[in-house]
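Working notes for the structure below.
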Amino acid sequence: MANNPTKFLFLLTLMGGTLISTSANSWFGAWMGLEINLLSFIPLMTNSKNLFSTEASLKYFLVQALASASLLITVILGSLIFNPSLPNPSHLTIINTLISGALLLKMGAAPFHFWFPGVMEGLNWSNGLMLLTWQKIAPLMLISYSFKMNTFFSLIIVLSVLIGSLGGFNQTSIRKILAYSSINHLGWLLAAMATGESIWTTYFLVYSFLSFAIIFMMNSFKLSHINQIFSLNSINPINKFAFFVTLLSLGGLPPFLGFMPKWIVIQNMVTLGNTFVITLMVVTTLITLFYYLRTTFGAFMLTYSETLWTSPTVLNSQLYSTSLLLAILSTLGLSMISLMYSIF
């Protein structure tokens with residue numbers, strides 16, 4: 001990135017587009033920021049040496065262009081039919097639903113998720129991390145401005161957690177597993193949005209940190225598929241165990257860091273009386289934990305087999321120590337936070 005000033009420029013405009021969207025005081029300004037963000041991400045995705053990334057960038061562009069066009073048409077339609085002196089609640093609900101639908105398509109929430117795993121599969125790890133985290137900031141912020149827990153959003157939350165958990169069952173690619181996991185987390189993020197702004201922000205920050213930790217490790221060890229984890233013999237089994245506990249943390253298993261935001265969401269959703277939705281969310285999260293366990297099975301076995309013919313991965317000591325630090329933070333994060341609260 002440092003040796004490529006063009007990519008650095010696009011990275012800056014990508015961040016600028018998100019900031020324009022989140023700080024805009026009109027829907028047109030927000031739309032403009034989303035477009036700048038999209039047109040900056042496409043050149044970062046494309047790679048002339050990799051046909052998969054070219055295909056992924058084309059898919060991403062077509063879907064995002066459709067979502068942007070839907071958003072713009074809805075905003076124009078809303079401005080034409082909206083009468084400030086005599087507001088019609090049914091018109092407002094329809095416009096809000098259409099705007100939210102366009103933004104959910106931009107994020108890849110179910111049932112608008114059809115493009116997301118395919119695009120994720122074609123990207124390298126750094127672009128994948130951006131798609132999973134940074135690219136969700138602007139649509140989430142814009143949804144939070146007009147979010148109201150109604151039948152539409154309840155349906156979106158339930159579909160996201162269901163599809164996110166069941167979709168990852170059949171996958172062997174770690175990128176696709178993380179994509180379906182992201183769809184599941186979007187359901188939780190929308191539920192967190194119903195309980196308060198600080199709660200969904202906390203959830204998103206923890207999710208982003210854990211995604212960064214996992215992708216950093218996968219990139220360091222050059223892993224892309226589940227079977228590669230089984231043949232990862234170049235590191236100490238105890239360290240291997242520590243690294244892959246991060247995946248369980250992302251799944252929200254107590255007592256790891258990933259459980260903390262889910263705990264807060266569960267507590268607040270029960271207080272608000274959304275018992276059915278939160279029960280369904282917890283049950284589907286157990287399914288996601290199942291396929292995380294399947295992914296990390298090779299690291300958690302007490303009696304494990306090693307292949308003799310694999311060439312050892314030579315890993316930079318700096319990368320190794322950073323991966324270990326991230327793993328420790330994700331494993332002991334909840335305990336550290338509880339300890340800080342009890343002291344202060």
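Every residue gets a Cβ built from N, Cα and C, even glycine.
All annotation found in TrEMBL is predicted automatically rather than curated by experts.
Under the heading signal peptide, TrEMBL lists 1-24. Annotated domain 'NADH:quinone oxidoreductase/Mrp antiporter transmembrane' per TrEMBL: 24-288, in sequence order. According to TrEMBL, the feature transmembrane segment maps to 60-82, 94-116, 152-171, 177-196, 203-221, 241-260, 272-293, 319-341.
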Interface-richest range of 94-116, 177-196, 241-260, 272-293, 319-341 toward the transmembrane segment (152-171), CB pairs under 8 Å: 177-196
Per Cβ pairs under 8 Å, the stretch of 60-82, 177-196, 203-221, 241-260 packing most closely against the transmembrane segment (272-293): 177-196
Outside the transmembrane segment (203-221), six or more residues from its ends: residues with CB under 8 Å to it: 125-126, 128-129, 132-133, 136-137, 140, 174, 178, 182, 185, 188-189, 192, 232, 235, 243, 246-247, 249-250, 257-258, 260-262, 264-265, 313, 315-316, 319-320, 322-323, 326-327, 329-330, 333
For the transmembrane segment (94-116), distant same-chain residues with Cβ under 8 A (at least six beyond the ends): 27, 34, 59-60, 63-64, 66-68, 70-71, 74-75, 77-78, 81-82, 135-136, 139-140, 142-143, 146-148, 152-153, 156, 159-160, 162-164, 167, 179, 182-183, 186-187, 190
Cβ contacts under 8 Å made by the transmembrane segment (177-196) with residues that lie 6+ beyond its boundaries: 107-110, 113, 116-117, 120-121, 128, 132, 136, 140, 143-144, 147, 149, 153, 156-161, 163-165, 167-168, 171, 202-204, 207, 211, 214-215, 226, 250-251, 261-262, 264-265, 268-269, 272, 274, 277-278, 281, 284-285, 288, 291-292, 295
For the transmembrane segment (241-260), distant same-chain residues with Cβ under 8 A (at least six beyond the ends): 181, 206-207, 209-211, 213-214, 217, 229, 235, 285, 288-289, 292-293, 295-296, 299-300, 323-324, 326-335, 337
